[in-house]
Amino acid sequence: DRSGSHTTKQVCKSWLIVEAIEPVSTSLLLGTGAAVLGKKLYHYFYETCDENWLNFNATGLKHDLSTKLYGQHVAAQVVLKAVTGFMNNENPKKPLVLSLHGWTGTGKNFVSQLIAENIYQKGMTSNFVHLFTATAHFPHEAHVDKYKTQLQEWVRGNVSICPRSMFIFDEMDKMHPGLIDSIKPYLDFYDNLNGVSYRKAIFIFLSNAGGEKIVEVALDFWKDGREREEIQLKDLETALSLSVFNNKNSGFWHTSLIDKNLVDYFVPFLPLEYKHVIQCGLAEMVSKGHAPDKEVVEAMARDLNYFPKEERVFSMQGCKVIPARLDFYV
Ligand SMILES: Nc1ncnc2c1ncn2[C@@H]1O[C@H](COP(=O)(O)OP(=O)(O)OP(=O)(O)O)[C@@H](O)[C@H]1O
């Protein structure tokens, strides 16, 4: 198109004139352009502690908890309420502290992952999400003093880089009480500690403590022929507090975390049943790129262990072994 090329030529010509007349402002313009582009690329590739990488998606969390998490109506409700309330509060008075309890393989790590995915664009791989496992990170009792210093430094350093940091402590019941005590100040209502404010951080503690008591409640409901969905938080709270507060061997509870009300929510996880194992199996098949096949998943689910031995109501390992087991059946 002639008029088009004419226009292009004209633009080039005027550009050359501008360049000839005002070389300084043109270079400035180009320089600024490069800086803006550089900044954009930086934010694109390098994870920063701002809305480019960090945005709470309340609808996403609600959707994930109701479609991806099976058999945990109580936990889903408490987690959604706790996280949404905290994230929507511009000026929280203390960090959010959640303590997740329940039988193995019932979704405690999985829920932490769902929370992370709906806050950080990179989910669990975000530089602002930190996962500690007691037996892996703090294995030797003799080194507790060294661990204390390292842990405090790690928490302090990371919160000063990003106030919206998340710390997950797995196997809380195997963690040395002194170590838990060392992070206690960060969970409290302080405005700031040595110039760092911890009020926007999230701490999640995971443990099996209280798991057996929760199972008892779920089993009683089952024996009475009542629906699992009828179980409410208040039915589990007593069971949880009995085992959690009175168990002198479970590490966590020696500390004043509870006395000082530093934990905002205790979240109970119910033991999973055969039908939930099936749901986990089907989801796992899809995530492995297979078409969901109920027969395959049922064959796998039948071969798992259930308890109590007679009634075979709850899966011994929850949904934990499914990814590995399924490979034998596909
Ligand atoms: N309730 C659930 N709904 C959906 N998937 C689940 C559920 N529970 C477990 N899973 C699946 O099983 C895997 C293992 O579960 P997860 O690690 O969350 O268990 P856990 O409760 O943390 O166990 P543990 O106490 O042994 O650490 C999860 O990654 C998830 O894929």
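For all residues, glycine too, the Cβ spot is worked out from N, Cα and C.
Taken from TrEMBL, the feature ATP binding site covers GLY102, TRP103, THR104, GLY105, THR106, GLY107, LYS108, ASN109. For 272-329, the entry in TrEMBL reads domain 'Torsin-1A C-terminal'.
When the binding-site residues TRP103, GLY105, LYS108 are checked against ligand 1, GLY105, LYS108 have a Cβ within less than 6 Å of one of its atoms.
Across the domain 'Torsin-1A C-terminal' (272-329), the prediction's mean pLDDT works out to 94. For the binding-site residues GLY102, GLY105, the largest tally of other C-beta atoms within 10 A is found at GLY102. Residue counts for the domain 'Torsin-1A C-terminal' (272-329) under DSSP, split into helix (H, G, I), strand (E, B) and coil, are 31 helix, 5 strand, 22 coil.
One way to see the shell of the ATP site is to take the Cβ centroid of GLY102, TRP103, THR104, GLY105, THR106, GLY107, LYS108, ASN109; the remaining same-chain residues with a Cβ within 8 Å of it are PHE110, ASN208, GLY211, PHE269, LEU272, GLY318, LYS320. In the shown protein chains, 27 other C-beta atoms lie within 10 A of the C-beta of LYS108 (ATP binding site).
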